[in-house]
Amino acid sequence: MSYASVLREAKEKINLSDLGIEAVKFKRAATGAVILEIPGSHSGAKADALARKLKDICPSGVNVSRPEKCAEVRVAGLDDSVTSDDIKMAIAEKGGCNREQITVSEVRPDRTGLFGAWVRCPIVAAKQISEGRLLIGWVAARVTILERRDIRCYRCLQNGHVASRCTFGTDRSGLCYRCAQPGHRAATCVGKLMCVLCQEAGRKADHRLGSAKCPAPSAKVARRERPRHNNVPTDSAPPDGEPMHLDGNVNA
């Protein structure tokens, strides 16, 4: 099975004009997956319709997804009783998005003694909730949109490339981002801060991997033939139009 054969079958069975689509832009994701982008007004609904059609005709080994353009935000100033679900509900209501589109970290205390959480949600919702304060229970929480982070390889933990294109020999996928120790995730970590990349490079390492204090450079890999097995990062949506990923165990 190849991308070419999948796309050829799609062209034979789907009439774009029936969906109100004149044409699509064809792009390639960092992982090698195909991106079909629908430009113009009402492109979101059109992309959803095309994605549904493709899911109906594509073989089981092909994954069709509709990535959202997302942003990361920090929600702070919360009281002890607020839960991740409370935050998700408040963002969905004010931001006008579905709860399934929102990811919320564990609510944890910060250096002020109050509580906060990291959130990933559609960028439109992020802009909406950052205007003024977000009401969560009795609290008017502060919302800060965070700077976009570089893409990071979950295998070697270097940034600048994805795991499917990783050429580095070291596998650090089992290490905690926060303390560099194996056996747990950063969300539940209570260990001492330690950046594994800076530690191995002989630099000051008393910080979380990828934090503002981390001087670890990007480790980009040379362009090569796209991989046979792809894992599409959810934050890899292109900047314009409404994208849709076509991915799976297929070869071009």
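For all residues, glycine too, the Cβ spot is worked out from N, Cα and C.
Feature list (source: TrEMBL):
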type	residues	note
DOMAIN	152-166	domain 'CCHC-type'
DOMAIN	176-189	domain 'CCHC-type'
REGION	209-252	region 'Disordered'
The domain 'CCHC-type' (152-166) - residue tally per DSSP class, helix then strand then coil: 3 helix, 2 strand, 10 coil
Mean of the pLDDT scores, which run from 0 to 100, over the domain 'CCHC-type' (152-166): 85
